[in-house]
Amino acid sequence: MSPQTETKASVGFKAGVKDYKLTYYTPDYETKDTDILAAFRVTPQPGVPPEEAGAAVAAESSTGTWTTVWTDGLTSLDRYKGRCYHIEPVAGEETQFIAYVAYPLDLFEEGSVTNMFTSIVGNVFGFKALRALRLEDLRIPVAYCKTFQGPPHGIQVERDKLNKYGRPLLGCTIKPKLGLSAKNYGRAVYECLRGGLDFTKDDENVNSQPFMRWRDRFLFCAEAIFKAQSETGEIKGHYLNATAGTCEEMMKRAVFARELGVPIVMHDYLTGGFTANTTLAHYCRDNGLLLHIHRAMHAVIDRQKNHGMHFRVLAKALRMSGGDHIHAGTVVGKLEGERDITLGFVDLLRDDYIEKDRARGIYFTQDWVSLPGVLPVASGGIHVWHMPALTEIFGDDSVLQFGGGTLGHPWGNAPGAVANRVALEACVQARNEGRDLAREGNEIIRNASKWSPELAAACEVWKEIKFEFQAMDTL
């Protein structure tokens with residue numbers, strides 16, 4: 001931005017335009033424990049110094065505007081302004097910088113992810129002085145964390161509700177995602193749960209379409225759940241998608257699910273919005289429902305390396321807004337996910353305290369204090385041959401979700417579920433015996449398939465299936 005002269009006005013302040021860095025770039029600032037800290041990847045326009053670009057981000061996402069205004073004198077800018085307190089170059093990128101910005105806690109409404117994002121990313125991403133801007137990470141202070149309920153129940157309470165311990169949970173997204181009648185949909189749910197899965201799932205775009213209205217789907221799925229439970233002696237669930245066009249309709253669907261006695265509902269938290277999601281999460285805690293979260297639309301926001309918002313920020317926001325599960329990539333399947341970076345935000349979802357670790361993309365130490373954890377869901381292009389790697393990468397506190405990897409079994413849905421359950425139990429047993437899943441995984445699956453014809457058939461069908469593309473989500 002080219003410097004412009006200030007003019008003296010008769011109202012007693014210096015009107016005009018001045019460089020942002022004069023007010024908002026403060027390299028000597030010592031951050032407070034109560035500050036919200038942000039790490040932005042900044043790509044300035046040619047000729048714009050990094051300090052000016054970083055200061056512009058701090059200004060436009062807090063108290064600043066493009067010109068000096070006389071009402072600045074009616075408040076304490078020094079108390080309320082955002083500050084760009086550090087800038088560092090991005091390795092291997094000549095035109096990109098990481099700008100660290102500190103925001104005073106008083107800028108944000110308590111318990112509102114909506115307000116937090118409106119302030120930090122709501123306006124500044126269209127700023128002309130920047131070619132591109134990406135929010136890489138946020139540090140949420142303990143004082144702000146304590147204003148959020150967070151997940152309705154969390155990992156331990158969910159395990160207690162399900163009475164399932166010592167292994168990942170198994171799920172399946174019902175396919176085809178669109179076009180089935182409610183009765184046929186419920187039949188697929190029953191067959192998968194009866195075969196050994198813990199959960200089945202509505203696809204994210206299954207809401208209430210002409211071919212299958214939500215109430216009919218809920219009824220047939222509830223029947224399938226209770227029938228499978230009575231026959232297996234295990235607690236089962238189906239993620240009934242309550243996402244709707246209005247909050248009132250969403251809540252009506254959640255209330256009906258509770259009245260049916262099912263254990264879990266679902267929400268598309270990005271397309272549905274954070275206000276709706278937080279509302280639903282509060283209802284779920286008050287009424288004993290687990291809440292599964294799908295991240296539909298996330299790649300629109302997080303896929304580009306130099307612009308948008310990294311998924312670790314969306315994951316933190318979800319933990320604050322509320323959800324017991326969230327999709328988090330697979331590392332090994334068809335959807336995006338580089339191993340170290342994926343495990344970085346998986347830890348941010350599950351653990352109470354996470355140390356700064358730039359090798360995994362974690363820019364700040366994060367203390368969640370007593371906020372419950374979220375189960376990461378691995379889903380997308382995975383099958384029985386991936387089971388050893390998934391078990392080793394994600395550990396017990398996860399949901400492994402096989403859609404086509406269940407329903408695509410040559411013998412049908414129930415045998416597909418059996419194959420996945422046998423593969424999982426074999427991997428967990430081998431791990432508990434001290435075997436190396438990364439090195440011996442294929443052998444473990446082959447040995448298990450000798451006494452499970454369902455697993456043997458699945459192994460044969462998917463033995464050549466690979467999704468080998470370079471990951472976009474790299475440091």
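Even glycines carry a Cβ here, placed using N, Cα and C.
The active site, proton acceptor annotation in Swiss-Prot covers Lys175 (among others) and rests on sequence analysis. Applying an 8 A CB threshold to same-chain residues 6+ apart, the list for Lys175 (active site, proton acceptor) reads Asp203, Gly403, Gly404, Leu407. Secondary structure at Lys175 (active site, proton acceptor), as computed by DSSP, is coil.
In sequence order, Glu204, Asn241, Met266, His267, Asp268, Tyr269, Ile326, His327 are the residues near His294 (active site, proton acceptor), counting only same-chain partners six or more apart with C-beta under 8 A. As annotated by Swiss-Prot, active site, proton acceptor applies to His294 (among others), with the evidence given as sequence analysis.
Here Swiss-Prot flags Asn123, Thr173, Lys177, Arg295, His327, Ser379 as substrate binding site. Contacts of Arg295 (substrate binding site) defined by a Cβ separation under 8 A and a same-chain sequence distance of 6+ are given as Asp268, Tyr269, Leu270, Phe311, Leu314, Leu318, Ile326, His327, in order along the sequence.
Among the features that Swiss-Prot reports, Mg(2+) binding site is placed at Lys201, Asp203, Glu204.
Among the features that Swiss-Prot reports, N6,N6,N6-trimethyllysine is placed at Lys14.
The N6-carboxylysine feature in Swiss-Prot is assigned to Lys201; the stated evidence is sequence analysis. According to DSSP, Lys201 (Mg(2+) binding site) is assigned to a strand segment.
The site 'Transition state stabilizer' annotation in Swiss-Prot covers Lys334, and the record cites sequence analysis as its basis.
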Exercise for the section: Compute the mean position of the Cβ atoms of Lys201, Asp203, Glu204, which form the recorded Mg(2+) site, and then list in sequence order the other residues of that chain whose Cβ is within 8 Å of it. Expected result: Thr173, Ile174, Lys177, Asp202, Asn205, Val206, Tyr239, Asn241, Met266, His294
Problem - binding-site residues: Asp203, Glu204 - member with fewest neighbouring CB atoms within 10 Å - result: Asp203
Fill in the blank from the handout: Quick note, Asn123 (substrate binding site) and Lys201 (Mg(2+) binding site): C-alpha atoms separated, nearest Å, by 36
Problem - Those binding-site residues listed as Lys177, Lys201, His327, and which of them has the most Cβ atoms within 10 Å of its own Cβ - result: Lys201
Practice task
For Asn123 (substrate binding site), just count the other CB atoms lying within 10 A of its CB, please.
Solution key: 11
Problem - Neighbour count (Cβ, 10 Å) for Ser379 (substrate binding site) - result: 24
Practice task
Whole-number Å only: compute the distance from the Cα of Lys201 (Mg(2+) binding site) to the Cα of Thr173 (substrate binding site).
Solution key: 5
